[in-house]
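Just below is one structure, and these are the notes that go with it.
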Amino acid sequence: MKIRPVIIFSLFLIFISVWAMRALFHPGFYTSHDGWHQVARLYHFDVAIRDGQFPPRFSAELLNSFGYPLFIFSYHLPWWLAEPLVLLGMSIFDAIKVVFILTYVLSGLAMFWWLREIWGDMGGLAGALVYQFTPYRFANILVRANIGEAVSFMCIPLIFWGLYRAHKKQSVPAIVLGAVGIAGFVLSHIMVGFLFALTLIIYFLGLLTKATSKGKFILSALATVSLGLGLTAYYWLPAIFYKPLTVFSDFYHGLYQNHFTPLSKLIYSVWGYSPIGIPGEMSRQVGVVIWLMIALSLLSLLGRVLLGQSKSRFSLYNLFTGAFLISFISSVFLMMRASAPIWKMIESWSMIDFPWRFLAVTTFSGSVLTAGAASLIRSKLRYLVIVILFGALVYTNRNYVRVNQYTDIPLSLYIESELTTNTDDEYLPKWVDRTFAKKKKPLLTSDTTTVSNLTQTSNVTKLDYSQNSQATVSLYQMYFPGWQALIDGRTVLVSKNNFGGLNIDLPSGQHQLLLKYQPTAIMRFGDVLSLASLSLIGLWIFNRFIKLRRES
């Protein structure tokens, strides 16, 4: 029985992707920019799940038990993927590494399966190889340990794939495919949406010119976006609604000014493991192979336009090549200091903190252009070209597939060291006294109130108290929308005190105080939208299953 090339290429991509991530098979963890944050986040996500928070939103244990609304704002998808592994007994460290490896492998497959529909198996394989073996992909995982952005690389091809299918034939599978991709990048790193906004718009407009039915394609695209946003409404609705209450904007104002990259460093820069601005800093190179493919794509497009070759599939080649060249060139420009006026104009609403994050777009666009160039080779030489391409990718990235140093640090030290899991504590509410909040204090300090039977989880605090007279007490527990207080089962009002904690009026005598963090109205609304969107997909899958059974 002859095995189809698509199966062979898929298995090959799986093998070489796992091989590329071999550094993560080492026991323990490794030094990185965000590794400490990621370990602590997964730990607190797991604690919240075990405490009955679904989805997790608030952690009363963070910030020395003062509390922190981490998961209202921070991404979720990496932890949804890792949590089943942790529940099954895998360590936090290994679960994170498995997510890195798994999503890296799946990103290559997603890229291959999308590109092969446009430019065939060989074009798809060439593009997927570049997508996997690019400096920024390795820096993102092995240097930065930015798991959110790493996971998003798996989701982006799904959006482009879904839109491509929808422009040819409007169908529910195409809508669902694109919606899952949108949901993935929103939950993995919402910033990615801003990075790829221009690329998606150009791509959509290009497909619109070739769509069999422009009106239906527009409706399919709207349905894709609506379903994707609906699936993730539980996350982005509260995040957007409550973000103005935090100091997020204050810390990221003007941050872009220190993170521009000169063209010389985008072409080549020495590989390093330190943060930007420190000796031995992280490389921000686009990749030698991608630069070569950009040059070839540009020459090819100019030649075809000047020679007037724009028939059949080559018109599609011209369209896609032009679109992704614009995407690549604009992304390079936005990483350079010359684009500072644009950054100043958009900083009030853009969520992109560092200009060099556009390396994600250059990686993606360069991979697509490679696929297009490879598809033009019709002879048996294409196999030799793929071998040469793969060899060049492995050689030019040979020093980038390793970590800086392996570590064997106990989990407890990660948890104790990470007060908020954010470098700048950017999700702190504006009313919180930062200095006071970082000092470890007991929940309640009062000469007139006696506390006993105190228990605390990520979202519940329960205690018995006694006092001789009614009094307003200040609790060392962050005030944030969602807290509910009950005394002997009866709801009482809570307010914020002068340092940003909770104020509660306690009656005299012996009573039980129960504090519960509950979803607010906007959170419940988002939950309903997400559940409804998920139900729609579930209903479609069920109907497909029934239909297939009847046909068989």
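Numbers here mean position along the shown chain, with the first residue as 1.
Cβ coordinates are placed from backbone N, Cα and C, and glycine is handled just like the others.
Per TrEMBL, the range carrying the annotation transmembrane segment out of 122-139, 338-355 is 122-139. Check TrEMBL against the ranges 7-27, 217-237 and you find transmembrane segment recorded for 217-237. Counted over residue pairs separated by six or more positions, the transmembrane segment (288-307) shares at least 3 Cβ pairs under 8 angstroms with the transmembrane segment (383-401), which defines the two as touching. Beyond the ends of the transmembrane segment (314-336), by six or more residues, the same chain brings 118-119, 198-199, 202-203, 206, 209-210, 260-263, 266, 284, 286, 294, 297-298, 300-301, 304-305, 342-343, 355-356, 358-359, 361-362, 364-366, 368-369, 372, 375-376 to within a C-beta distance below 8 angstroms of the stretch.
Here the transmembrane segment (176-205) has Cβ contacts under 8 Å with residues 75-78, 80, 146, 148-149, 151-152, 154-163, 165-166, 221, 223-225, 227-229, 231-232, 235-236, 239, 323-324, 326-327, 330, 350-353, 357-358, 360-361, 364-365, 533, 537, 540 of the same chain, all six or more residues outside its ends.
Proximity of distant same-chain residues to the transmembrane segment (383-401), defined by a Cβ-Cβ separation under 8 Å and at least 6 residues beyond the stretch ends, is recorded for 16, 20-23, 122, 125-126, 129-130, 133-135, 138-139, 142, 271, 283, 287-289, 370, 374, 377. With a threshold of 8 Å between CB atoms, the same-chain residues lying at least 6 positions outside the transmembrane segment (217-237) that come near it are 55, 76, 159, 162-163, 166-167, 170-171, 174-176, 178-183, 186-187, 190, 204, 207-208, 211, 522-523, 525-527, 529-530, 532-534, 536-537.
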